[in-house]
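According to Swiss-Prot, the protein carries these features:
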{"type": "BINDING", "residues": "CYS191, CYS202, CYS229, CYS233", "note": "Zn(2+) 2 binding site"}
{"type": "BINDING", "residues": "CYS191, CYS193, CYS196, CYS201", "note": "Zn(2+) 1 binding site"}
{"type": "BINDING", "residues": "CYS196, CYS229, CYS235, CYS239", "note": "Zn(2+) 3 binding site"}
{"type": "BINDING", "residues": "ARG261, GLY262, TRP263, ASN330, HIS331, TYR372, LYS399", "note": "S-adenosyl-L-methionine binding site"}
{"type": "BINDING", "residues": "CYS333, CYS398, CYS400, CYS405", "note": "Zn(2+) 4 binding site"}
{"type": "DOMAIN", "residues": "47-105", "note": "domain 'Chromo'"}
{"type": "DOMAIN", "residues": "189-247", "note": "domain 'Pre-SET'"}
{"type": "DOMAIN", "residues": "250-373", "note": "domain 'SET'"}
{"type": "DOMAIN", "residues": "394-410", "note": "domain 'Post-SET'"}
{"type": "MOD_RES", "residues": "SER381", "note": "phosphoserine"}
{"type": "MOD_RES", "residues": "SER384", "note": "phosphoserine"}
{"type": "MOD_RES", "residues": "SER388", "note": "phosphoserine"}
Amino acid sequence: MAAVGAEARGAWCVPCLVSLDTLQELCRKEKLTCKSIGITKRNLNNYEVEYLCDYKVVKDMEYYLVKWKGWPDSTNTWEPLQNLKCPLLLQQFSNDKHNYLSQVKKGKAITPKDNNKTLKPAIAEYIVKKAKQRIALQRWQDELNRRKNHKGMIFVENTVDLEGPPSDFYYINEYKPAPGISLVNEATFGCSCTDCFFQKCCPAEAGVLLAYNKNQQIKIPPGTPIYECNSRCQCGPDCPNRIVQKGTQYSLCIFRTSNGRGWGVKTLVKIKRMSFVMEYVGEVITSEEAERRGQFYDNKGITYLFDLDYESDEFTVDAARYGNVSHFVNHSCDPNLQVFNVFIDNLDTRLPRIALFSTRTINAGEELTFDYQMKGSGDISSDSIDHSPAKKRVRTVCKCGAVTCRGYLN
């Protein structure tokens, strides 16, 4: 891994000084365990199958080339099938082989012949790449769940291609202000209600209606700001006016789409209509900086800029490098999520928090989407996500597939 600056790669990243294999060997030599590199008490002195690399038949006996967990590739060994007690890995090996052959056939290329004695090198190479990909995605999934501060779990899935975790994305739970921008997360007033649902509360002080009904569903029209109770309020965590601040409550899956839209997000549980799903967070930058970055992003065909234009257009949220699950939510011209502006501890109207609520019931397994041209008013904006004048030079084709598709993201 090439050495890079800490600021460029994130404060928690440092250059790799030795290879993973060397590090594993050093751990074993010193009798040290390190879960993050696969060295555990279970396999420190014993062998555990990590994945299967290859297959052959010798004298009517089936053998698999085994990669041992926590051991370098140089220690891989051929083992007879009868010695392997890993049915799930054997099934995965078979599935990967089948998927590779199906992809080759779909591409109208010549299917490598399998004589049932040995695997063609291309098949074995693909199987190893898939195994390494699963390990990388599992580690990424574990990291995401360590960093999140909300109830809902995050899962990662890729059954489409060999794409691994993004190399330049860092999970955050709240806005990250760029140098020179200050976020004051301390409210200037708070309520003293005993029952915020029935009494005059924070929304009334701000001149708007309470956003939620008794079922914690949003009841105000798009374009109306949400004012939740804050840290100065005397109400407790069960207050009916504390919804967005509790974070995502649903288990979500970042998955690889099969139609060329990259990563997407789907819900693993049913979501009721008008329910809070997630926040859109990222790096808060000036609109001038957004203009500069927008030109670069357009040339790469990516779309992560969200203008904070509730009352002014001074700031933009850039989720390209820093963000949460919303970073992976795809666009749709007929979305199932709606944008709302939210104010909690920071009451600066130039810097609303961006919350995504369901517009209808969303079933388990369904992809989550929002309209990249939609702003908090509920209308199509000419200066909302990735659509400022400097970003109009390159138009990105829309692949949402909706009947009402406009053809372009910007």
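Heads up, the Cβ atoms here are built off N, Cα and C, so glycines get one too.
Since the structure is predicted, the reported quantities are computational estimates derived from the model, not experimental observations.
Here the domain 'Post-SET' (394-410) is broken down by DSSP into helix, strand and coil counts: 0 helix, 2 strand, 15 coil. A 10 Å radius around the C-alpha of CYS400 (Zn(2+) 4 binding site) takes in none of the binding-site residues listed as CYS193, CYS235, TRP263, TYR372. Within the set of binding-site residues (ARG261, HIS331), the lowest number of other Cβ atoms found within 10 Å of a Cβ is recorded at ARG261. Most Cβ neighbours within 10 Å among the binding-site residues CYS191, CYS201, CYS202, CYS239: this distinction goes to CYS202. Reported as a whole number, the C-alpha separation between CYS202 (Zn(2+) 2 binding site) and CYS196 (Zn(2+) 1 binding site) equals 8 Å. According to DSSP, CYS202 (Zn(2+) 2 binding site) sits within a helical segment.
Applying an 8 A CB threshold to same-chain residues 6+ apart, the list for CYS196 (Zn(2+) 1 binding site) reads CYS202, LEU210, CYS229, CYS233, CYS235, CYS239, PRO240, ASN241. Computed over the domain 'Chromo' (47-105), the whole-number mean pLDDT of the model equals 94. Checking each of the binding-site residues CYS191, CYS193, CYS201, CYS398, CYS405 against ASN330 (S-adenosyl-L-methionine binding site) by C-alpha distance, the shortest gap belongs to CYS398. Of all residue pairs in the S-adenosyl-L-methionine-binding list (ARG261, GLY262, TRP263, ASN330, HIS331, TYR372, LYS399), the one with the greatest Cα separation is 16 Å apart.
It is 6 Å from the Cα atom of CYS201 (Zn(2+) 1 binding site) to that of CYS191 (Zn(2+) 2 binding site). Put simply, CYS405 (Zn(2+) 4 binding site) is 8 Å from LYS399 (S-adenosyl-L-methionine binding site) when counted between their Cα atoms.
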